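Straight from TrEMBL, the features:
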type: DOMAIN; residues: B:67-280; note: domain 'ABC transmembrane type-1'
type: TRANSMEM; residues: B:12-31; note: transmembrane segment
type: TRANSMEM; residues: B:43-64; note: transmembrane segment
type: TRANSMEM; residues: B:70-91; note: transmembrane segment
type: TRANSMEM; residues: B:103-125; note: transmembrane segment
type: TRANSMEM; residues: B:154-175; note: transmembrane segment
type: TRANSMEM; residues: B:203-224; note: transmembrane segment
type: TRANSMEM; residues: B:262-281; note: transmembrane segment
Amino acid sequence: MGHSLETDAKAGKAPIVYRDTSNDAGSLFAAGLILNLSAYLNQSVFNQYAPISIKNFELHGSVYGLPDTVNYILMFYNKQYVPYPPNTTQQLIQIATNVNKTYHIWGIAYGMTSEYGYRFAAWFAGFGGHIFNSQGMPQMNSSAMVEALEFWYNLTYNLHINAPDVTPSIEQQLFTHNEAAIIFDGPWDLGIYVPALGANLGAAPLPIVSQTGLHAAPFVGSTGWVISSPQASGATPQQIQAALLFIQFMTSYQAEMNLWTYAHDIPANMKAYNTVITELNNDNLTPTYLNGIMKGVLEQAQYGQKFPNIPQMNFYWDGFYDYATEYYANEITATVASQKMENYMLSQMQQAGITPDLLLPINLNLLQSYELLSNLFNLGILGLW
Amino acid sequence: MNEHKLSNYFYILPIVALILFLFMYPVAYAIYISFTNFSLYHFFKYSLVGFQNYVLVLTSHTFLHILGNTALWTVGSLVPMMALGYLMALVLNQKDIRGKRLFFTLMLFPWAFPAYISLLVWLGMWNYEYGVVNKIIGLIHLAPINWLTYPDTAWIALILTNVWLSFPYYTAIFLSSLQSIPTELYEAAEVDGASMWQKFGRITLPMMKTSISFVGISGFIFTWNNFYPIYLLTGGGPGESTNILIVYAYQEAFAYNLYDIAAAYSTISTIILAIMAIIMLKITHVLEVVS
């Protein structure tokens, strides 16, 4: 989608309104392709959404999109093989080994060699790593990256409890066909897992990394609605006003409740989110086992990290993929891979003329300071576990 | 006389205009972009930076590595494709073989089937867990291989897939060329008592020299820029071990939004390819024969 948008924007004919992820839209906003909503909407509008989701759509103090869902990965497991969700990586290894020996299926289906770093970022954080420092400079060259890479190499090629050479679609096939017990994925794929596993499906936060005592912390990002800048779309002031009304409608209570009801997307609209929590507290979802699954999904929210939406994040994906795959192919060591990842990102930043960004505080467990977490506690979701 | 000449030029004006608009303009624009800092980070306001992008590309370690990969991909694919195509053409050109039309039709399938779909099928076939290739080698008690995970096996998988996709084209061209050789030449050679190898070396090969040269040069250019096999099967990985210039340029443009660097890569790739094509044309005299 981004490609055609940029081509259209260059011609001044981009679509006026569109839906995008907060991180992809962040690059487009930095490039001047997206409207600064802070110049048009009051703070009271932004206050209607979960703070983390607005933070996802904020760069240099300006908001560039209205969120409709909050996204992150978590652990799905098959209760037929996994007696209880592993709380630590040590337990993860024990359970996966036991599954492997007892049922002769894969303990885990996690395709490291087709990873561009979205899911791996959780493990990097769990080993104590940060992709960027507070100045927006990459920090991939660290012992945390080395240990995280080696951890997954060990589980795959030494312990043989993680399936090698699997793509996300094969992971799903293994999991839904009872050929793998644990998978790491987002709630957006519940539509595949619930019909396949039914009451056997379990959901829980990613485990604590035993070596560090830190939770594996996935990216918490958002999807939402943005408006092209007039330079990119050629929109008139009237069209911009209409677009502003439209995106507020698309992120309203009713619209986001529909997303929850039909797709079980986690609402970013606080009123809708609170209704969801109440529904779960009252076990209102049908079939009833869905209540447990969704509670597990929401519990992961407290252990996330903010998805960096700065432009240099674009260079993380291929930098990670290139050198992680080289390491898993035994071409280089994990130490060299982490060095090369960082150097690669720096050289790409240099080619793009990107200078350090002073407006990027990346904190692990960022959600702890936000209302979202207090809601989980206040409404008793965490108490149920 | 002058009016005749003018009207002759008038007739070719539409094709000249089309070439200028459809080919020359995009190429000229790409070359222009390669001398600017146009990227997502300088999207609406960009400026000329001279040879800066070329210096960045030519002095990077990545460029030499990817250029080497491109040469390996091109030569490594082309040689077996042509050899297999030629061999199949020789077989199909034999008079006594039964059902060769059916065989030839079946053989054209890999080439006629949409390459994009074939490549997705092959992606599954090379898979460690479910791939039919590992199932087959399992029948002879060999351990399954992570084909696309390691550089050496990834290259083998890429080249075998590319050969499978393309050799029928070479067979078809060589077969038509073989069939255009006058049979009288072979009959005269037989009267003179020539052996099979003598007929091949003195008649078949010399008569096919032009078509072999032409197919070789056009195949070289096509394979050099053959994007999909690498993009779909390995994405240039693991690491950059199977990446080639055209795929890397695409990634620079559409993964990183560095249109300036991508344009520089494309321009350099085209210049290298043009130089090699001119050298090959000079050596083989293909154009002289055509003219």
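Yeah, the Cβs are placed from backbone N, Cα and C, and that goes for glycine too.
Curation does not apply to TrEMBL; its annotations are automatic.
Source: prediction; values computed, not measured.
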Cβ-Cβ under 8 Å with the transmembrane segment (B:203-224): same-chain residues at least 6 beyond its ends: 70, 73-74, 77-78, 81-82, 86, 162, 166, 170, 173-174, 177-178, 181, 185-186, 189, 244-246, 269, 273, 276-277, 280-281, 284-286, 289
The transmembrane segment (B:43-64) vs the transmembrane segment (B:262-281): 3 or more CB pairs under 8 Å: yes
Highest-contact recorded stretch vs the transmembrane segment (B:70-91), from B:12-31, B:103-125, B:154-175, B:262-281, CB pairs under 8 Å: B:154-175
Two-stretch contact, the transmembrane segment (B:262-281) and the transmembrane segment (B:12-31), at least three Cβ pairs under 8 Å: yes
Surrounding residues of the transmembrane segment (B:154-175) on its own chain - C-beta under 8 Å, 6+ positions past either end: 72-73, 76-77, 80-82, 84-86, 88-90, 92-93, 104, 107-112, 115, 118-119, 122, 126, 147-148, 208, 211-212, 215, 219, 223, 226, 229-230, 233-234, 237-238, 241-242
